[in-house]
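*Asks:* Quick one: the structure is below, and I'll ask about it shortly.
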Amino acid sequence: MEQPQAECPAPSKTNSAETVESEKHEALSGPEKHPQDKDGADAAPEKHPQDKDGADAHGEAGKQKSGDQTLPPVQDGGNLECPPPEASSSPPGPACGIPSEVETTEACSRPQQLPQSPRIQQPDLDFYCVKWIPWKGERTPIITQSSNGPCPLLAIMNILFLQWKVKLPPQKEVITSDELLTHLGNCLLSIKPQEKSEGLQLNFQQNVGDAMTVLPKLATGLDVNVRFTGVSDFEYTPECSVFDLLGVPLYHGWLVDPQSPEAVSAVGKLSYNQLVEKIIICKHSSDSNLVTEGLIAEQFLETTAAQLTYHGLCELTATAKEDELSVFFRNNHFSTMTKHKSHLYLLVTDQGFLQEEQVVWESLHNVDGDSCFCDSDFHLSHSLGKSHGAEGGSGSPEKQLQVDQDYLIALSLQQQQQPQGMLGLSDLELAQQLQQEEYQQQQAVQPVRTRAPSSPGRGATSGRPAGERRQRSKTESDCVLL
């Protein structure tokens with residue numbers, strides 16, 4: 001049974017295929033006819049094509065039919081063997097080691113693609129580490145993720161954990177998506193309609209049914225279609241029923257600036273998908289006005305590719321309620337968001353900060369991605385810099401207090417200037433003005449701060465690890481970090 005494989009590399013495709021077929025047939029049905037091993041392989045192609053199954057009496061035609069039937073049984077990937085004659089009489093594929101044959105290449109390539117499917121790779125993303133944080137005086141779990149996993153599920157579940165609607169055992173360190181979906185399903189089923197009328201109850205039951213249907217999608221991703229008219233404006237889909245039933249607000253900050261009338265006219269009340277279709281139609285139109293409108297709409301999408309505008313950030317800050325927990329959608333990512341003392345923060349769920357107890361929230365105060373890390377009480381976090389920089393432990397409390405005071409002064413300036421600036425300035429100009437004022441405030445206190453530490457202390461800011469997001473320049477951010 002070992003010898004036929006040694007003879008597979010034949011000079012032609014037809015002889016190679018028929019050699020393997022005939023020798024397999026001889027090995028199982030009539031070994032007494034060919035006591036010689038190698039010589040019999042050369043004589044086999046002309047003797048046995050007629051008596052394989054009775055259906056392939058014309059050689060190549062019968063071999064082609066049987067070749068089509070051999071692909072389904074070959075599904076074991078790297079441990080393939082030649083199939084028995086009753087299952088197939090075609091070339092065995094990878095086990096024969098013929099890289100130049102067309103049939104062999106096709107038979108080998110298909111099983112090798114099977115391990116690449118998302119279903120097989122999904123278990124790698126099925127387990128998530130639990131991070132325990134002090135939240136309003138109680139030890140509370142939040143779920144972290146190591147890669148782009150099911151962020152809608154994690155964003156919603158972290159809200160339920162922070163609201164203490166779902167609790168975990170105190171020693172829980174790892175959780176699966178199935179467990180999270182079970183907890184979420186129990187929360188949905190435990191919701192009772194507030195209205196007792198029959199019509200509203202039927203509508204409520206329909207919403208619950210829709211939510212339970214789309215529940216598995218939370219583990220892979222949701223299809224949401226934003227509208228550029230408001231931070232709460234989304235095209236309604238069954239996926240939105242999950243947020244409605246749980247009472248979790250869903251926000252975005254991708255808004256068109258009302259002080260750009262051309263962009264407002266071009267975008268209108270369309271959703272993202274509708275706007276993309278409009279751009280395609282307008283660009284191929286013979287009407288010059290439509291072409292211009294399409295170009296303006298396309299420019300809006302290109303200049304706001306970050307999916308967060310200054311106008312959207314202002315509206316988001318004004319719309320979100322104090323201490324409200326919500327889900328923020330941006331760049332196809334869902335984050336847990338809250339508002340504390342008139343400022344927005346996103347929950348840090350990166351597994352890289354699993355052991356960083358002082359890194360819980362990340363500020364959201366500009367569109368460029370520059371941010372500050374805070375602990376669970378929204379105090380600026382310096383734990384990352386202490387372990388790597390030149391900051392001494394003796395002055396840490398004083399430095400923390402001084403930085404917090406400077407930050408509060410900057411926030412106070414922003415709140416004082418915002419009503420006046422919004423009367424005649426666009427959102428971008430207002431943001432630049434606020435940043436300039438805060439920069440001047442920082443320069444006023446910086447000489448006092450730089451004289452305190454000795455020369456090695458200059459390494460405090462440069463000693464932050466690469467994983468921490470830092471300010472690109474002091475004039476681009478309204479958050480003061482020293």
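Including glycine, each Cβ sits where the backbone N, Cα and C put it.
Per Swiss-Prot, the feature region 'Disordered' maps to 1-119, 437-482. Residues or ranges marked as compositional bias 'Basic and acidic residues' by Swiss-Prot: 21-66, 466-482. Sequence annotations record features per position, and here Swiss-Prot assigns compositional bias 'Pro residues' to 82-94. Per Swiss-Prot, the feature compositional bias 'Polar residues' maps to 106-119. Taken from Swiss-Prot, the feature phosphoserine applies to SER117, SER454. Taken from Swiss-Prot, the feature active site, nucleophile covers CYS151. The active site, proton acceptor feature in Swiss-Prot is assigned to HIS333. The site 'Ubiquitin-binding' annotation in Swiss-Prot covers ASP427, LEU430, ALA431, LEU434. Look at Swiss-Prot and you will find 437-446 tagged as compositional bias 'Low complexity'.
Quick one: how deep are these features, and who are their neighbours?
*Replies:* Its own atom aside, the Cβ of CYS151 (active site, nucleophile) has 20 Cβ atoms within 10 angstroms in the protein chains shown.
In the three-state DSSP classification, HIS333 (active site, proton acceptor) falls within a strand. Around the Cβ of HIS333 (active site, proton acceptor), a 10 Å sphere holds 14 further Cβ atoms from the protein chains shown.
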*Asks:* Return only the integer: C-alpha distance in Å from CYS151 (active site, nucleophile) to HIS333 (active site, proton acceptor).
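*Replies:* The Cα atom of CYS151 (active site, nucleophile) is 7 Å away from the Cα atom of HIS333 (active site, proton acceptor).
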